[in-house]
Amino acid sequence: MKKIVILISGRGSNMEAVVRACARDGWPARICAIISNRPDAAGLGFAAANGIESKVVDHRQFDGRESFDAALAGEIDRFEPDLVVLAGFMRVLTDAFVTKYAGRMLNIHPSLLPCFPGLRTHQQALDAGVRVHGASVHFVTPALDHGPIVAQGAVPVIAGDDAAALAARVLKVEHEIYPRAVRWFIEGRLTVEGERVALTPSEPQWLFADVAGEGA
Ligand code: GRF
């Protein structure tokens, strides 16, 4: 049984998607803990309602990134996880922290990386005039929103979209690709070769949104 710790900062819908898929599909894995850097993260309610241990490590109680990351690592390590899943965890992590979990920490970013790292990705996509946008699951490396890509989901940009409409369309594919990517890791099917992630046996590491009826 593999052990997973999920880090959140807010709503936690990606966390929910992973937790539900793990239970529904009977993964050989257990979600040991949900850790939030915000005491008011809505996702903590889901953890409580589902009997998952949760913990808050409030970044505002620390005087720097190093001390916060050290405390966070201390809490994570209590559960001896095989995998750390960042699910809307809105903190820039120190190199030391990232290096400690190298090869066993995944993140989801709401863009087709390497386009649009950072914040406000949906507005960035609209401003750039791209016709296709999406989300990426990647191994975490010290460079922000960068690292070997495990899976990507693509959605069209539809005339009249604003950032909220586009975000909602992207979120649907996030909830598909993140559980898939986590399951592949749990099943020991991912190998990182430089910047590429191989999946064995192979299956599509991409998803194109089904937007029939959305005016695409
Ligand atoms: C998602 O769009 C995720 O890709 C980004 O922040 C958002 C978090 O949403 N990093 P949720 O907390 O998983 O609902």
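Glycine is no exception: its Cβ is also placed from the backbone N, Cα and C atoms.
Small disclaimer: the values here were computed from a predicted structure and weren't measured.
As given in TrEMBL:
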type	residues	note
ACT_SITE	His109	active site, proton donor
BINDING	Arg65, Asn107	(6R)-10-formyltetrahydrofolate binding site
DOMAIN	2-182	domain 'Formyl transferase N-terminal'
SITE	Asp145	site 'Raises pKa of active site His'
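This view paints the features noted in TrEMBL onto the structure.
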residue	record	Cβ contacts under 8 Å, 6 or more apart
Arg65	(6R)-10-formyltetrahydrofolate binding site	Val92, Leu93, Thr94
Asn107	(6R)-10-formyltetrahydrofolate binding site	Leu86, Phe89, Val137, His138, Phe139, Val140, Asp145, Gly147
His109	active site, proton donor	Pro117, Thr121, Ala135, Ser136, His138, Asp145
**Complete:** Mapped onto three states, the DSSP assignment of Arg65 ((6R)-10-formyltetrahydrofolate binding site) reads helix
**Request:** Would you count the other CB atoms within 10 A of the CB of Asp145 (site 'Raises pKa of active site His'), including those on all shown protein chains?
**Result:** 20
**Asked** Which of the three DSSP states, helix, strand or coil, fits Asp145 (site 'Raises pKa of active site His')?
**Response** coil
